[in-house]
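See below for the structure under consideration.
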Amino acid sequence: MTTIAIVDYGVGNLRSVAQALRAAAPEADVRVVDAPEGIRSADRVVLPGQGAMPDCMSALGASGLQEAVIEAAASKPMFGVCVGEQMLFESSSEARPGTDKTPCLGLMPGEVIRFELDGMTQPDGSRYKVPQMGWNRVKQSRPHPLWDGIPDESWFYFVHSYFVRAQDPAHIAGETEYGVVFTSAVARDNIFATQFHPEKSAAMGLQLYRNFVHWNP
């Protein structure tokens, strides 16, 4: 039986992620883990996250799980969700007062930046709002096993003010337009991550999690 560890470092709605994974793959053993051993013993790892990046990185470091996450990213299938995707990169412009940026895990080259949409209007004449909250389309930038069974430009659910700017275009797996075209999914080797929330994205989100459970990078 495949064991999936959802990393619990005290931030994020882990229950909805766990429920979605169990619904997508009832044959898998889905565990919410808060100790390094739980990550090391798992076959696959999900790194969720929500809220402010400084708080997330501080909580991950304080939890004692950061090194285990980095170790897992070297060899195990890993899925990052929302801020969990952003944490995979080198730094974020979402920082505490008096600092320019927050150092992140550095598993993928690039940075996290904020939407700058002041004064911009949507096609219907309304102003863009930050954070983006709601459904939006994801354009698949390239084929990937996790896109299997998911039509291009399917709708997924977003809640975010920041997004990743990948340094290597080959790492971009999906893009979305919200005032600007931004990266909404990334992939490298055994890592896949999304800015949107699969657990809030109905059938297509469950299909994405189902593909992750059966993915053999």
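Placed from the backbone N, Cα and C atoms, the Cβ positions cover glycine too.
Per Swiss-Prot, domain 'Glutamine amidotransferase type-1' is recorded for 3-217. What Swiss-Prot records for Cys82 is active site, nucleophile, and it gives sequence analysis as the kind of evidence. Among the features that Swiss-Prot reports, active site is placed at His197, Glu199, with the record citing sequence analysis.
On the backbone, the CA of the residue listed as 'active site, nucleophile' and the CA of Glu199 (active site) stand 11 Å apart. Around the Cβ of Glu199 (active site), a 10 Å sphere holds 26 further Cβ atoms from the protein chains shown. Confidence across the domain 'Glutamine amidotransferase type-1' (3-217), taken as the mean pLDDT and rounded to a whole number, stands at 97. Under DSSP, His197 (active site) is assigned to a strand (E or B) in the three-state scheme. The 10 Å shell around the Cβ of His197 (active site) contains 21 further Cβ atoms across the protein chains shown.
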